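The structure that follows is given in the form of structure tokens.
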């Protein structure tokens, strides 16, 4: 989108210094997650990506409007998370920079958001990296890779301080993508999913028609599962048509919003298939580079601010909706057995040698693994036994 030429009204008294000072205050106030920067089959890349086209530099006197589309339906809490980011940008910018946000499908389908931003059809997108896993499986490592003991907070820390951001940018450059990205919102572990009967043994999943995405597809295929990759909005129709028999998406709130409880009554909690995901907020690189430095800073630091808010909101809403599913919708909430999760770890071990034939993939996992070994060691040794405290006050949870 070309910048709008009109001058902002009613904001002439807001200085750039005050805007950036406000942003700095947000950071100093404490940010949970780092911002460096689901789902038809992922798009394949063009044979040769076009070179970035330089956009004209934007005057500080101009009001700049960026067109962003999310990969989420209007009713999904992920759409709210995207809007939370947009709200922070718009308020920090004081009228000089504005994001107009559109829901999934307004311009392109969920899996096409990155392509649209790359080409300049969109100025920005709110998605997850697993949606462009079709271009490089290494993309899935920035959110849905193997678990070495780390959670999403740890991976965001790796991106911020362990070399992950540089590797992400190397991947973008390697693929010839005309994008700049930041990360936002450390997601809680994603459930194993929704089933007709409880999964007590991994062998029950052999031959099962199951929906997931990204490297999780490789993982479950190694366990004998018949995987179909679909965006969230297509899950229930696919289940009704018999295309799939079981599925995972992300969290109790999203699952409730598209009616998972109407087609299944067994919800398995706990899994190693996607235990450390987060959002990717992307901008067309030429457009981003044309912005004044203070606008670029707002786009970056608003992601850090939204990261905390998204996580806090997610904990509140996910837990409330899990209670609703259990108490009002008659859903059986079952902890995935340890034996099943052990089989998942073995499946990760099985697929990694083939994946690491890609030297860049291997470099990213080696970096993640080294960082996770140190950081997860500290957290696991130092963390209190929260389950023990919970059961002391509220009674047994019913799993070891």
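From the backbone N, Cα and C atoms, a Cβ is placed for every residue, glycine too.
What TrEMBL says about a protein is an automatic prediction, not a curated fact.
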150, 165, 190, 296: which one does TrEMBL list with 211, 248, 274 for the substrate site?
190
Measuring Cα to Cα, how many angstrom lie between residue 274 (substrate binding site) and residue 249 (Na(+) binding site)?
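Computed Cα spacing between residue 274 (substrate binding site) and residue 249 (Na(+) binding site) is 10 Å.
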Give the sequence-ordered list of residues that share a chain with residue 248 (substrate binding site), lie 6 or more positions from it, and have CB atoms under 8 Å from its CB.
190, 191, 192, 193, 194, 210, 211, 212, 216, 271, 273, 274
On a count of neighbouring CB atoms within 10 A, which of the binding-site residues 190, 274 is highest?
274
Measure between the Cα atoms of every pair in 190, 211, 248, 274, the residues the record assigns to substrate, and report the largest value in Å, rounded to a whole number.
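Largest Cα to Cα distance for the substrate-binding set is 13 Å.
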